[in-house]
Amino acid sequence: MSGALLPLPSSLPSMRRVRTGPTSPTKRNDEKWCRRLTLDQHVWLAALQEVCTPETCPSMTTSPSWLFVCAAHSTAPDPPCSALSYMLHTSSGASALLTSPRYFPSSLSVSPQGSKLLLAVSRRLFRAFAHCHAAHGDVFARLEDETGLVRRFAALSERFGLVDEAEGEVIPGFVGGGFSHGEEEDELDDDEGGIRAVDEPHGSESP
């Protein structure tokens, strides 16, 4: 599977609307929150295409200790997916999964299997932010100033336990509710907008 390029938005500041919203999430609609994060992350992926290439980032890493293998393939590709391909494959797979009536047949409840898949999707979405923070810090700072998306994700993760501490700590303050970037305070937007269950890092990770 090849990673299709996303069109660059004509104006990133116009995407500041993703920062605002009237209410906080509930456990009843957590798949909608994950779907919204997937959609809003497209702004980041489009911008990253200018700086994150197979030459600059040949593999998906979030720190010197964490290397991830793309789960979008039946067998691990050789060479492995670049960081950008990993992120694009993750976004495409997450979008397909979160709109699948097989795994999420009802908007009123989420099955135990669906809950496990949401956690897997959330971890993979987080890795795009973590890679950007580690490898493209100036881009991370600019995009977070313009969208506030990592702050929103951190609030969701703190509430629902989406990203575990060992992985989340690669972005300082993400775990424990202490993440802060920029000056504006965010409220969480209630608008809406097959992944394999396991992809193994270099080391160990619980699925």
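Every residue, even glycine, has its Cβ placed from backbone N, Cα and C.
Residues or ranges marked as Zn(2+) binding site in TrEMBL: Cys52, Cys57, His131, His136. Residues or ranges marked as compositional bias 'Low complexity' by TrEMBL: 1-14. What TrEMBL lists as compositional bias 'Acidic residues' is 183-192. The compositional bias 'Basic and acidic residues' annotation in TrEMBL covers 193-207. The feature region 'Disordered' is assigned by TrEMBL to 1-29, 174-207.
Sequence-distant neighbours of Cys52 (Zn(2+) binding site) (same chain, 6+ residues apart, CB-CB distance under 8 A): Ser82, Ala83, Leu84, Met87, His131, Cys132, Ala135, His136. All protein chains shown were included, and the count of other CB atoms within 10 Å of the CB of His131 (Zn(2+) binding site) stands at 25.
Under a cutoff of 8 A between CB atoms, and with a sequence separation of 6+ in the same chain, the neighbours of Cys57 (Zn(2+) binding site) are Ser82, Ala83, Leu84, His131, Ala135.
Apart from Cys52, Cys57, His131, His136, the Zn(2+) site neighbourhood in this chain, defined by C-beta within 8 angstroms of the site C-beta centre, holds Leu48, Val51, Thr56, Ala83, Leu84, Cys132, Ala134, Ala135.
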